[in-house]
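Read through the structure below, which is laid out as structure tokens, and then see the notes.
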């Protein structure tokens, strides 16, 4: 830089900073900027009223711009939801309306409400009918009439002792023979007609332990007499069912090898009575056991039925030794 330019000139006046004025409009509507305004070197003090008017105009313009922006946004969005006005419920008005309704209903009621109520209730609830039971005389009369009708019908079936085909040459039917059989059974067994069945009563077996490995059946002979069976037959059945061996001693007591309780011997005796004592037809204990050509037959003394009975089979016996096996095969 040259020396002339660097010299300080005291006569030069200092430049004053210009105040920034806001955007203003003229009366004609033309925008007035800083360039249009005359540049003044001197400070001009604006009046306070003019500044206030300018500030108010600025605020109004800002509010308008904000409202325009909000309108644009609302155009894209849905319309603003209107708040629903809440209706206030008035208790006094409701009570008056209820009173009016009651007065109208009372005025509409008929003069005779009881008859209508009876009609309505009669449809819904059915009255119970009084059931009258017939008297004994009427029942007896009906029974007699039915008996007369049955007697008129000639079925050829009679429950008397005389046979229906006695005075005629016709053949008897199956039903007539069946009725005759039942009549004979009723005559010979009056207990069965009354509905009472004879119970077979037997003494319980008396079992005593003999030593450590034997059992004694004390009243064995007494039970054989009650059952009307031979001791040999009952002994063979007991030994076969228990799977052991035994014999009768001098006191007529059965001595069995092994330990047995009273319940076990009772179960064996029940099976023997069911198979070899009671009749398979009428369940009567009055029977006789007969042997005919290696078969046993059970004959009943009440119904005179006769049926075969299974023979007593011993249990499985293991054969030991080679010679015993050869003998068993040879036999």
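Each Cβ is built from the backbone N, Cα and C atoms, and glycine gets one as well.
On a predicted model such as this, the values are computed, not experimentally measured, just so you know.
Database features (Swiss-Prot):
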| type | residues | note |
| --- | --- | --- |
| REGION | 1-75 | region 'Disordered' |
| MOD_RES | 2 | N-acetylserine |
| COMPBIAS | 13-22 | compositional bias 'Basic residues' |
| COMPBIAS | 40-51 | compositional bias 'Basic and acidic residues' |
| REGION | 97-120 | region 'Disordered' |
| CROSSLNK | 102 | SUMO2 cross-link |
| COMPBIAS | 106-118 | compositional bias 'Acidic residues' |
| MOD_RES | 263 | N6-acetyllysine |
| MOD_RES | 291 | N6-acetyllysine |
Between residue 263 (N6-acetyllysine) and residue 291 (N6-acetyllysine), how many Å separate their Cα atoms?
31
Under a criterion of Cβ-Cβ distance under 8 Å and sequence separation of at least 6, what residues of the same chain contact residue 291 (N6-acetyllysine)?
297
Can you check what DSSP calls residue 291 (N6-acetyllysine), collapsed to helix, strand or coil?
strand
Starting from the Cβ of residue 263 (N6-acetyllysine), draw a 10 Å sphere and report how many other Cβ atoms land inside it.
9
Determine, from DSSP, whether residue 263 (N6-acetyllysine) sits in helix, strand or coil.
helix
